[in-house]
């Protein structure tokens, strides 16, 4: 069983957790947003050809297409 | 483990002051790097055209609110769980129910499909996560093979298998996340840091490393290292509970959605532009799907920060959303007892039709907003699929 339940923690315990975490984070190295945005944009555009939700799928390949009926003549 | 650097006589208020100072410092550091918005970088990218999504399948069978769903890796099956305590495995192609189990509790808030497709995990108000092997042997009682894996001290809000059937990651109302060994039920790692209930989690795509993100009622989204149990980064950008978090397929960003009616896309370093409610980016990442209390689903273009579509059809709050593993469809579950699987009816070629309102097969798009889809069936899952581009002449 996980060691704590937040309901059992005092406000002070929670404050201690928060301060410790923030101290670690302030020291992290960060990159410019513009650089990160470019990377994300490249990633998305590179995959655009494989992107079924944007490009579509032909009805034959569509696994959920409407099923045809049968006519007995 | 001793709290490094903290003296025993530090008071609550001095801790809070230090917290505020550190938060300001963090904001400053982040602001220095926040030189541009994503949609500005993506300015020259073509906008997506209008598209329409049609319900292809409706899966009926839950007796009450659908709370969670997950796709199987075979892109065909899915598992859903409901307030009435039932967990159902569906074949979305045929709409058949392949398996059904009744949990000993109501409000089964979490369910997940194992990567092998041979088992499911679920839990909720029972404070546990249980694994059920799936068997097609009619003589076997599924409930008899149930294995209790995770034990929390409050409700289970989310669960997910890691990249194998052997480990499960859980999130709970007790404020923790935990990693468990399925076979032995042993706790492998626990993750402490949220100051209130954890409502959601999502694992990073397996190729990009061993991390996951969680969101909680403390308004924080936290990124964790699976192996060490450490929180790598935390983000407090929302004003209310975070209901859903999802990693981008690239692994270096995630989106979080909150009751405050915004969605944040956070690159794991600086923070970016805002967006909305319960989200699911899919295999490539251009679109973001969000579900709302007002029964609708919005579809957003991530690069442009604009909405490309609104989907109607559910008759109550949308509680869960997932895109299928190969990105051909997505499924939404709702408090209207149904799940809808949706795909696109057509995709409009941008060059040809931008700005021209066209009527397709009785569904009328209006400036990018899809009108209500005729209610041709009752509650259930509705599956929408992409089909080929078919342009029909304007109907007068």
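Quick reminder: no glycine exception, Cβ is built from N, Cα and C everywhere.
Note that the structure is a prediction, hence the values are computed from the model and not measured.
The feature compositional bias 'Basic and acidic residues' is assigned by TrEMBL to B:1-10.
TrEMBL lists B:1-23 with the feature region 'Disordered'.
For B:59-100 (among others), the entry in TrEMBL reads repeat 'WD'. Per-class residue totals from DSSP over the repeat 'WD' (B:59-100), listed helix then strand then coil: 0 helix, 24 strand, 18 coil.
The DSSP breakdown of the repeat 'WD' (B:149-190), given as helix, strand and coil counts, is 0 helix, 25 strand, 17 coil. Look at TrEMBL and you will find B:149-190 (among others) tagged as repeat 'WD'.
Under the heading repeat 'WD', TrEMBL lists B:191-234 (among others). Through the fold, the repeat 'WD' (B:191-234) approaches residues 154-155, 157-158, 160, 162-163, 169-179, 240-247, 249-252, 254, 256, 258, 264, 266, 268-269 of its own chain, all at least 6 residues removed from its boundaries and within a Cβ separation under 8 Å.
Across the repeat 'WD' (B:235-263), the model assigns an average pLDDT of 74. Per TrEMBL, the feature repeat 'WD' maps to B:235-263 (among others).
Taken from TrEMBL, the feature repeat 'WD' covers B:311-341 (among others).
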At an 8 Å Cβ cut-off, counting only pairs 6 or more apart in sequence, do the repeat 'WD' (B:59-100) and the repeat 'WD' (B:311-341) clear the bar of 3 or more pairs? yes
